[in-house]
Amino acid sequence: MIEKTIAELQHVTHRYGTTIALADVNLEIPARRMAGIIGPDGVGKSTLLALVSGVRRIQDGHVTVFEGDMENRAFRTANCGRIAYMPQGLGRNLYPTLSVFENIDFFGRLFGQPSADRRGRIDELLRATDLDPFEDRPAGKLSGGMKQKLSLCCALMHDPDLLVLDEPTTGVDPLSRRQFWDLINSIRKRRPQMSVIVATAYMDEAARFDWLAAMDDGKVIAQGAPKEILQRTNAATLEDAFIALLPEEKRAQHKKVAMRPRPASADATPAIEAEGLTRRFGDFVAVDHVSFRIARGEIFGFLGSNGCGKTTTMKMLTGLLPATEGSAKLFGEPIDSDDMEMRRHVGYMSQGFSLYSELTVRQNLDLHAHLYHLPENEIAGRIDELLRNYDLKHVADARPDSLPLGVKQRLQLAVAVLHRPAILILDEPTSGVDPIARDAFWSTLIDLSRDDGVTIFLSTHFMNEAERCDRISLMNAGKVLAVGTPAEIVERRGVKSLEEAFISYLVEATGADRSRKTEQPTDGASLPTANLAHAPGRFSPGRLWAYARRETIELLRDPIRLSFAVIGPLILMMAFGYGISFDVENLKYAAFDQDQTQESRTLVDSFAGSRYFSEQPPIGTTSEMEQRFRSGELQLVVEIPSGFGRDLENSRTPEIAVWIDGAMPFRGETARSYVSGISAQYVKQLAVERYGPNAVLSPVNVETRFRYNQSFESVNAILPSVIMLVLILIPAIMSAVAVVREKETGSIANFRSTPTSKFEFLFGKQLPYVAVSMASFVLLALLAIVLFHVSVKGSFATLALGTLLYVFATTGFGQLVSTFTRTQVAAVFATSILSIIPAVNFSGLLTPVSSLSGGARFIGLTFPPAWYQPISVGTFTKALELSDLWFNLVILACFALVYLMAAQIFLKKQED
Amino acid sequence: MSSPDQQATSQKRKTLYNSKTKSSSLSWHLSNIYRLTVKELRSIRSDPVMLILVLYAFSIAVYTVATGASTEATNLAVGFVDEDHSDLSRRIADGLTPPLFKPAVEIAAPAIDAEMDAGRLVFVIEIPPKFEADVLAGRQPTVQVNVDATAITQAGNGAIYLQTIIANEVSAFRTGRGGTSDIPVNVEIREKFNPNTKSSWFTSVMQVINNVTILTVILTGAALIREREQGTVEHLLVMPVVPAEIMLAKILANGLVILTAAGLSLLLVVEWWLHVPIAGSILLFLSGSSIYVFTVAALGILLGTIATSMGQFGLLAIPVLLVMQLLSGSTTPMESMPVWLRYAMQIISPTPHYVAFAQGVLYRGADLSIVWPQLVAMAVIGAGYFAFALHRFRQVIFGA
């Protein structure tokens, strides 16, 4: 069966809150073609691709892929294995700590390929992409171009019939870009049945596709072959065609950028001068002996891929980063990061939006005006001027995050020029901005340079922008490859365009021209067909294992998370073991003896014998008593009134007062019971003295037996409860973060776009944390036994089994929380608050569950810790066995199951 | 300066600067700090989640913790094995009244172990056969009280209460039947600062103190990480602004918010809603708190320079905060800790000093002449934190 269209959209509308991403889109994307979706950032390209590949839920309208309804879950499950989806962002779906091989291998495992097949196929793919020398390098340490090639390998691992690529080459150097497209083309030759849908912001790239759809503001404004579109609009380039296709009111704002020659400057001192500038981060050389001179008023462009050292060089020029070697001068003065005067001459615009999104446009300008210390009386005027010149008046009181990218960039530029600096340093100022806004931006830059003599140093990865610079410098891997006017550079290499010149420099710099190889597919050497073992939609232990294995590797390579998981519990146990003690000893007491007789002294001495009390110098006056209580020096005072001895002699039942510091209630209460004991003893002694040895004061003996903890030390009871607390807090946080991290970094796209089921994903990610938690349980038990001398009196096997069920429940609880939280920090705090409060207060740590009532008891019993605490305390102190505790084990198992099921219900396979 | 055009530009530039203030003068720094503090306050205002968290922590959370779990003995679960079934044994059972006790559960002697093993009963009283007859005959029979000593907050005090109740009931019974009791001395026990030993008096104030610690660290640390993640901190540092100004602004703004919340919480929640009397001067408490807030805010910034993302910050902050809180004397007294640990904590953490200061001022009405050593200790530790945080901040941002 050969489909004519690979994907069809009918009346598709998609909203994020009130923002409309797609507005009633109708589109038929042809099959077996290279189809491009073009347009600037924020027009709905990514949303469209996500809907087609099934990773986003359809809100409104119909999406048909492979002639099946993408709204139908059964159809999606059966067919998502035929689609490969590569999300936007360099290496967004890769795992940075995993090596190149491990990344691809993970995808192979997800598609159930047997080990030998995987190895063979990975070798093929790595050779085809020139990644074979870097098999063991962590994905996070690859250059942007290599990351994208690796992403592509991962996507091609299972021979998809539809390849969906979301801006795969944005920010990649031109050589890698060319290699990337060559690779796709050669694969399409070998597997002609494969359709490709690509979103891109590079118009030159799009010109080479078979079919295009141009988008603006959530609408498709044109579709067809590139040639047709050019003919229809009568334009020479696709960029011009795109502008011509825009609605009338937008086109009206467009002015062609007029280049003007730079007036000659008589001052020979360069505005910016770098000499052998070098910056190392550890072993990594980010900028390698870079030298250039920029004249006053010149527009100087830095051209290079992401990660080639452009940003680092710029940061050194602003004084943000000190140089490891070499020197940089502004107006002949060496850069000193402590020189405040120099900073006033520089305006800086960093990559990405870096103003305060919580302040309004006007507040942002106002803050910067004050921080640059413009004179008070000029601030209002200057801000008005900027709002007018940069067309920001109508959004002056809006927050930047609600504004389109182009407007944000205008605001950033307005902030950068606010203090009329002599030098502007702009780091990729137009990346992602639509062509009209970009041209307007350039007109402003040219005015600044030509009219105000401002020196502009900017970086870009767009060739057509580089052509507008007075001079450019080509950069790769921290090194400058060439400096000169764009025309000079093209001429020097004897090529037709700047892009070709750059590529030829890159080929020279990186050694052999390996890109050639991929252009000639050898006959018959086609990639072996992927061998897919698992039927999609059915449970696969292999996929579950793939997730468990990958999670374990990632955890072992993340020092912060690993130490939190292993050392965290031990630190908490020590803090609790030493910190939470209800043993009250050495209460400081003093006598306020107003009687000073033999009898009163006997009374005071009766306290001295006890280990619970330690005597302090006696008190003379009432105010002294107050003072010493206030300062916290005394916790107990025995006040004996004058006449005590006499009254006692005459059997007039004198009264004495014992004052206790009740500021800390538990200590006060304990002190009170100690005093009761001592005074009873004293009274008995008096009675014996008076009535003879047979005096009977109490008609009954009360014999108190302290069970389970004969020495009555806090630590015996506290430690088992602490294990309960630690083993919910840390495992729950860890497992919650494990899921939310994927949401934050974007690798959750792999779960959404592959046949992985929710159970395989969640349970696979849970297993490593259960294992780590069991390991820390063993460490905690050892610590309790060795350091605190608290031993397990009952069945250790029962304790271990109970703990296993408990950590299944607590990690499951963490996963449940992760389904509701979007950021790691929210996951960490939500999990800790939700688990600490019931675990500390309602699970028997401080107050026995038997003493709880009403809501507190209910909360306690609906949470696993209250059921685990009796197991932990029981096996440690009460010598209990499985027969005593089986019911608690059953309940814990139920908790584990319920959390696992609930997390599966709330985890969304598709994004909203 | 040779070209006339450029001279003009440069002239224009010069007039734009305020020539009266040099970039090194104090007023210059103060002005920057003021502007940045206002900016921080605006940022805090625009983060409703954090504001709700602060509001919740200082109001409902204080109330719930104060009235919820308590370390005072209440609702004790007592079992009663009555092998006598006499008037006296029933009187003893009836003497176990709420709120101190739950109604006693009558059980048979063989069930004692199972009930206590399962933790359903913390105390079991065993009345022997012929108990009443023995009492009346003056034979001093023995009542056994079994105590689950793993219920650490209740066992000790609960046992004393039971002893007292049993003794009192028996005495009263005997007095009613013509027995005599002659006590030579009356011992009157009075509790200062908290006459009814209500644990809510303690836990409510300690909860406010713990909130000050936790929220200050989280707010300032998160504020710094957010700026690092968004790249705005770099934007500030290319301006004539120094790191210390950025740090101080964060400390001031977040400290101000927390201090206001803590002050209101003490007045409205602790004093008014929970009826806890505050002995000392709230003004003195707030002044001491401002020193403390400065110290922990510096700690927040320090943690914010160690962690590279919000997620890492969360993982780092939780153990640090838990240890600081548990080993500060706000949960159980410092005197119960091993001596070496007590000294270690007093050197590295400001929290024990703050807890001692707050307990002194709020419960005992201590004045400045009593609490100044704690204030000095907090200030010294705070200066240390600040210096280290500033060092880390420069190291991380400038990569030096």
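Positions of Cβ are set from backbone N, Cα and C atoms, glycine also.
In TrEMBL, annotation is done automatically, which means it is predicted and not curated.
Annotated domain 'ABC transporter' per TrEMBL: A:7-242 (among others), in sequence order.
Marked as domain 'ABC transporter' by TrEMBL: A:272-502 (among others).
For A:513-532, the entry in TrEMBL reads region 'Disordered'.
For the transmembrane segment (A:559-580), the list of distant contacts is 714-715, 718-719, 722-723, 725-727, 729-730, 733-734, 737, 769, 772-773, 775-776, 779-780, 783-784, 787-788: same-chain residues at least six beyond its ends, Cβ to Cβ under 8 Å. Summarising the annotation, TrEMBL assigns transmembrane segment to A:559-580 (among others).
Feature annotation from TrEMBL assigns domain 'ABC transmembrane type-2' to A:684-910.
Within the chain carrying the transmembrane segment (A:717-740), a Cβ under 8 angstroms from the stretch's Cβ atoms is held by residues 551, 555, 561, 564-565, 568-569, 572-573, 576-577, 580-581, 709, 748, 762, 765-766, 769-770, 772-773, 776-777, 780-781, 784, 788, 790, 803, 806-807, 810-815, 817-819, 821-824, 826-828, 830-832, 835-836, 839-840, 843-845, 864-865, 868-869, 872-873, 875-877, 907, all 6 or more beyond its ends. What TrEMBL records for A:717-740 (among others) is transmembrane segment.
Per TrEMBL, the feature transmembrane segment maps to A:767-790 (among others).
Here the transmembrane segment (A:796-818) has long-range neighbours at 723-724, 727-728, 731-740, 762, 765-766, 769-770, 773-774, 777, 781, 827, 830-831, 834-835, 864, 868, 871-872, 875-876, 880-882, 885, 888-889, 892-893, 895-896, 898-900, 902-903, 906, meaning same-chain residues at least 6 beyond its ends whose C-beta is under 8 angstroms from one of its own. If you look up TrEMBL, you'll see A:796-818 (among others) marked as transmembrane segment.
Feature annotation from TrEMBL assigns transmembrane segment to A:825-846 (among others).
Here TrEMBL flags A:885-907 (among others) as transmembrane segment.
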Long-range CB partners for the transmembrane segment (A:767-790) (under 8 A, at least six residues beyond its ends), listed in sequence order, are 548, 551-552, 555, 565-566, 569-570, 573-574, 577, 715-716, 719-720, 723, 726-727, 730-731, 734-735, 738, 799-800, 803-804, 807-808, 810-811, 814, 876-877
Looking only at residues six or more beyond either end of the transmembrane segment (A:825-846), which have a C-beta under 8 A from one in the stretch?
718, 721-722, 724-725, 728-729, 732-733, 736-737, 739-740, 810, 813-814, 817-818, 852, 856-857, 859-860, 863, 865-866, 869-870, 873
